[in-house]
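S.K.: According to TrEMBL, the protein has these features:
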- A:16-37: transmembrane segment (TRANSMEM)
- A:44-64: transmembrane segment (TRANSMEM)
- A:70-89: transmembrane segment (TRANSMEM)
- A:101-122: transmembrane segment (TRANSMEM)
- A:142-162: transmembrane segment (TRANSMEM)
- A:190-213: transmembrane segment (TRANSMEM)
- A:225-253: transmembrane segment (TRANSMEM)
- A:274-296: transmembrane segment (TRANSMEM)
Amino acid sequence: MSTALLIEQILNGLQFGVMLFLMAAGLTLIFGVMGLINLAHGSLYMIGAFACAAVAAATGSFWLGLVASLAAAAAAGALVELVVIRRLYDRDHLDQVLATFALILIFSEGTRWLFGSFPLYLDIPSALSGAVQLPGGGRYPLYRLTIIGVGIAVAVGLYLLISKTRLGMRIRAGESDREMIAALGVDIRTLYTVVFALGAALAGLAGALVGALQSVQVGMGEPVLILAFVVIVIGGIGSIKGALVGAILVGLVDTLGRFLLPKLFAAFMGPAQGATAGAAIASMLIYIVMALILAFRPKGLFAANA
Amino acid sequence: MSLLEISGLESFYGASQALFGVNLRVAEGEVVALMGRNGMGKTTTIGSVIGLVRPRNGAIRLSGKDVAGMQPHRIARLGVGLVPEGRRCFPNLTVHENLVAAARPGVWTLARINELFPRLEERRDQYANTLSGGEQQMLAVSRALMTNPKLLILDEATEGLAPVIRQDIWAAIRRLKAEGQSILVVDKTLSELLPVADRCFVLEKGRTVFSGRPNELTADLQDRYLGV
């Protein structure tokens, strides 16, 4: 096993992690601030990917597609919040799950109706199509490095937004006492719409960025949604910092587990059996990690200070 | 025209009726005491004014505008600043953040708050949940003042505070009064409340049963409506 390969796998894990972070950040904000379980978050990811692919195909520009993905996902998020979600805040979680599950079906069928069942493909923009020399002799795609960079930039931006701006203070205040912040003159309903649209835009961004790595198709959001829920449970619901740490942890553990465990088991079980056993454990690994973390920190790593 | 005028207010708390006809008036620049034993409807009255409880009947007018049934943030922006029972500072925000999160421009600025309660300046970057009860009450009062309300409402202004801190809060209320701030205040310490009040309203079982000047609230009446 060469160092170059290990570094490459670590970078893959990071890239996967920051992509999960973009999903989980919105999900944890919506869950933490409004107490809403939004299963349709994966649909917003899909909408971002489709908007990017469609606009990029029509205009020839990935960058216009990226802007379209943000706009489409934020608009879809705001619309869904105004029409459906707003009625769910005071309902229990089961109602929320049912209603947002219905939204998944509506969005999936709607997308199939508009774009058909065949996957769309999105090309990596030419400016980011090369590879970068890694220490140890390997090469790594520039585009994946860029995703890592975007994820870090979003994390810093969100941190500043939440901790330094008045909007962020109001979001946190609403998290701890929604009635009180309203009684002080803050329009909590509009605030919720803004938070929801922001979370949706981040999911859309993740969808667009990943769309250039894999095919853009109906149902692409749900597997990611499940992982994003794992991330926010590990990180502590409502915590952006927790979402970042949880996402990187899940990304690295999953990627490195799939890479290293088969080799490890092969060392003492023989290559064939070892590879099978290693792969089986690797696919369970993030859930094992989640269970362990919850056993010791039932509220997650960075439970919100409330 | 009164700043706040409540007439014939009836409100429900869930399915059960809590207010059966509350009448109350606060004129510009007045300090008004809202009194009554526990469970007689003081907090529900305040909740109805700010819109947290939806009134069923009657009128609530702020500077002549009927606000009954309006959303809380709209009522607050018309000039009502609430210091709720139990203080309800945002625990996960610092003192500074509690003050500026919902602030609206006006005569009250951070500098003036720091002068009113120098302690808060010392605690500027501490989270609100690390403050003592008295400091939290100072913060809750300041947070409401930072929205520059025409009417400041204090529910249980000094409940559960150490005697020294109570004096600080009453001193602040007297100072606000001297500056012309209109205040509606609920408190159980009659010895402090009556001297500062211009007018008193007493609630019993959700109805206004007395209104008048503090000196008209005789020992006999106090015993009947407020004694334990």
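Quick reminder: no glycine exception, Cβ is built from N, Cα and C everywhere.
Relative to the rest of the structure, where do these features sit?
M.R.: Sequence-distant contacts of the transmembrane segment (A:70-89), counting only residues of its own chain at least 6 positions beyond either end whose CB sits under 8 Å from a CB of the stretch, comprise 34-36, 38, 40, 43-45, 47-48, 50-51, 95-96, 99-100, 103, 107, 189, 192-193, 196-201, 203-205, 207-208.
Distant neighbours of the transmembrane segment (A:142-162): 11-12, 14-15, 17-19, 21-22, 25, 124-125, 128-132, 168, 171-172, 202, 205, 209-210, 212-213, 240-241, 244; these residues of the same chain sit at least 6 beyond its ends, with a Cβ under 8 Å from one of its Cβ atoms.
Packing against the transmembrane segment (A:190-213) from elsewhere in the chain are residues 19, 22-23, 25-27, 29-30, 33-34, 41-42, 44-53, 62, 65-66, 69-70, 72-78, 80-82, 85-86, 89, 120, 122-125, 143-144, 147, 150, 154, 167, 170-171, 174, 220-221, 224: each is 6 or more residues past its ends and has a CB under 8 Å from a CB in it.
Long-range contacts of the transmembrane segment (A:274-296) within its own chain (CB-CB distance under 8 A, at least 6 residues past either end) are made by residues 227, 230, 233-234, 249-250, 253-254, 257-258, 261-268.
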S.K.: In the same chain, who gets a Cβ under 8 Å from the transmembrane segment (A:44-64) while lying at least 6 residues past its ends?
M.R.: 23, 26, 70-73, 76-77, 107-108, 111, 114-115, 120-125, 199-200, 203-208, 210-212, 216, 218-221, 224-225
